[in-house]
Every structure is written in structure tokens, then in C-alpha cells.
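Encoded as C-alpha cells, the structure appears first; notes follow it.
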């Protein structure tokens with residue numbers, strides 16, 4: 001009973017309390033609390049207010065799962081969602097990084113069929129699955145642990161819930177980025193390469209395995225190469241994660257109010273998760289377009305250059321600088337979740353690494369439509385991936401809570 005209710009009940013019927021037969025401890029003869037509260041039962045000072053706040057907090061915490069459960073459920077759900085969508089990721093990576101003119105991979109369906117027929121499932125469509133899985137699980141564990149910790153503390157501090165959701169999504173994705181960006185670099189290069197000595201696609205990469213790829217990149221390009229594209233990645237992914245979880249939490253709140261239960265059922269779980277991811281994907285589509293255009297634009301420094309001979313004779317035309325092969329290894333391709341934007345033929349070369357300058361250039365040359373090129377496939381990908389991940393997250397978290405409760409019951413019996 002809240003403080004206001006106690007005061008209202010106190011003044012509503014004063015005579016009833018006087019007729020209640022209580023013992024010295026303030027309880028009725030049958031051992032239960034008497035009918036109404038007296039002034040002695042109502043604390044109007046700071047202690048009373050504090051107790052009411054603590055009571056409300058205790059009620060709220062009844063729906064909070066342990067951090068460990070959230071982290072395990074998030075890791076398993078996120079990894080499963082990423083693995084389910086890995087083949088689409090591979091196709092989009094091939095489309096983005098295709099060096100052939102005209103491009104070998106055009107439409108989504110024909111690219112799927114070509115890669116599957118020529119290279120198979122494991123080495124083709126699921127190339128780079130190992131670094132993807134090794135980065136996805138710890139990355140999502142860190143993300144969900146950080147998100148829940150930040151969200152709960154911000155809400156307890158008195159922050160408006162939707163601001164707490166946005167801020168927690170930002171912080172959580174930033175914390176996880178130190179794990180998933182290096183794994184994404186390895187995954188992306190192995191996806192673009194396909195099998196070792198691939199006779200069907202010349203990507204500029206030729207690694208024997210994930211370990212060989214990591215060693216080669218560090219030896220030839222330095223450890224910092226594992227974080228290539230980091231700035232562009234977080235400038236897109238931080239806003240996406242913040243919006244995704246703000247929409248998801250609000251959708252979950254509405255669904256629970258409508259169902260009048262914490263268990264909203266599988267259809268609504270899918271709907272809230274997919275809607276959150278899809279809507280966030282649409283809103284952040286301009287950031288995705290600029291990121292892809294920056295990371296896939298032609299690097300002029302990697303072109304063949306003329307080199308003078310030691311004797312001062314005429315330059316040998318078409319001779320390549322010794323560093324060209326290394327520059328080709330640093331191809332500007334996506335290093336995060338698959339971009340669903342493929343630049344149209346004749347699109348302007350941005351020639352900048354600035355996100356905001358890129359947005360201005362695309363708007364001036366292509367209008368608003370240029371910002372939202374590829375928004376349809378992006379909506380589909382983010383909806384499916386988000387729906388799968390969050391449904392599995394809630395399901396696994398629920399199973400962990402049931403298992404934990406059964407363990408406690410067994411211990412209490414013993």
C-alpha cells in the first residue's frame with residue numbers, strides 16, 4: 001500500500017479502527033493485521049518516503065534477471081542470429097569488395113547461386129564463419145552485460161527511461177567494439193577471399209586459415225590494421241544500437257501493458273524485436289551509405305605508377321611500386337554488420353574520410369534518395385537479425401531463470 005493510500009484510508013473511517021480488537025503488538029486476535037492503519041503505522045517523515053521508494057524499487061527488481069543470465073543469453077542469442085545471417089553477409093561483402101569490371105556479383109539471388117555453385121557452402125557462403133563466431137559471442141556478452149548494468153543504474157539514479165535506453169545502447173556498443181571490430185576485419189577478408197587459392201574470384205587476399213590471416217595482417221600491416229575502419233564502424237553502429245534498444249524496450253513496455261503480463265508471447269516478441277531493428281536500420285541508413293562509399297571507394301595511391309631506373313633512363317611504364325600489393329591488402333571494405341548499400345554506376349567518388357562531409361556531398365549530387373539507397377535490403381536484414389537475436393535472448397534468459405529457481409528449490413528442500 002502506498003503512502004497516499006495509507007493517509008486516505010486513515011481519514012476515511014476513523015471509528016472502524018477504534019473498534020478493532022488488537023493485542024499489544026498491534027495485530028488482531030487471529031494473528032493478521034488489523035483492518036486500518038493508525039497514525040502510528042504511517043511514517044510521514046524522510047524515513048517513510050525512503051521506505052516507499054525502496055518498496056517500489058524492490059517491486060521493479062522482481063523483473064530483473066541476474067547479470068550473468070543476461071550476458072549468457074545475449075551471447076548465445078547474438079551469435080545464433082549472426083550465424084543465421086552470415087551467408088547474406090558474405091554476399092554483400094563480395095558485392096562491396098568486387099574488384100572486377102564489370103562486377104561479377106550483381107543481384108542478390110544471382111550472387112547466392114554463383115557462390116554456392118562455384119565455391120560451396122562452407123568455403124563459399126560461410127567463409128570466415130570462425131572469426132565471426134569467435135568475435136560475436138564475447139562481443140555480445142560484453143554488450144548485454146554493459147547494457148543491463150548501465151540501464152539499471154541510470155534508471156535507479158532517476159534518469160528518464162528512454163534516455164537511459166539510448167545512453168546504455170551507446171555505451172554497450174562502444175565497449176563491445178574493441179572485440180568485434182578486429183574479428184570483423186578477419187571475417188570480412190576471409191569472406192571476400194573465399195577458399196585458399198580461389199580460382200573463381202581474385203580478391204587480393206589469399207590466407208590459409210584464420211590464424212594465418214591474423215599473423216599475416218599483423219606482420220605486414222601492423223596490429224593497428226585489425227582495427228581498420230574502426231571510426232567509420234562505430235559512427236554507424238553506436239547510433240543503431242542506441243535506437244534499436246530504445247525502440248525495443250518501449251515496444252516491450254507497450255506489449256506488456258496490452259497483454260497485462262510480463263509474458264507477451266512469441267508473436268509479440270518477434271514483432272518488437274524485428275520492428276526495433278528494422279526501424280533503426282532505416283533511420284541510420286544514411287550513415288550506412290556514407291560508411292560503405294568511404295570504405296569501398298577507389299584508392300588512387302594503389303594505381304600503377306611509373307618508376308625511374310637507377311641509371312636515370314626513361315621510366316618503365318606500368319611498373320608497380322613494391323608497396324602496391326600491401327595497399328591492395330588494405331582494401332576499403334566494410335568491417336561490421338553487412339552494409340546493404342551498393343553504389344550505383346557512376347556514383348561520385350567521395351574522396352573523404354569525413355562522415356559529415358560525405359553526407360553533404362551525396363545530398364548535393366544525389367539528393368535525399370542518395371542517403372537512402374539500399375534501404376529496403378537494409379530493413380530486411382536488420383529486422384530479421386534483430387528479431388532472431390532478441391527472441392532467443394528472452395527465451396534463453398527465461399530458461400536460465402527457471403533452471404536457477406529449480407536449483408534453489410532443491411537446495412531449500414535439502
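Glycine too: its Cβ is placed from the backbone N, Cα and C atoms.
Here TrEMBL flags 322-333 as compositional bias 'Polar residues'.
The compositional bias 'Low complexity' annotation in TrEMBL covers 334-345.
For 300-347, the entry in TrEMBL reads region 'Disordered'.
If you look up TrEMBL, you'll see 65-153 (among others) marked as repeat 'Solcar'.
Per DSSP, the secondary structure of the repeat 'Solcar' (160-254) breaks down as 75 helix, 0 strand, 20 coil. For 160-254 (among others), the entry in TrEMBL reads repeat 'Solcar'.
The repeat 'Solcar' annotation in TrEMBL covers 264-399 (among others).
Taken from TrEMBL, the feature transmembrane segment applies to 125-147 (among others).
The transmembrane segment feature in TrEMBL is assigned to 162-181 (among others).
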(request) Helix, strand, coil: count each for the residues of the repeat 'Solcar' (65-153), based on DSSP. (result) 72 helix, 0 strand, 17 coil
(message) On average, what pLDDT score does this prediction assign to the repeat 'Solcar' (160-254)?
(response) 87
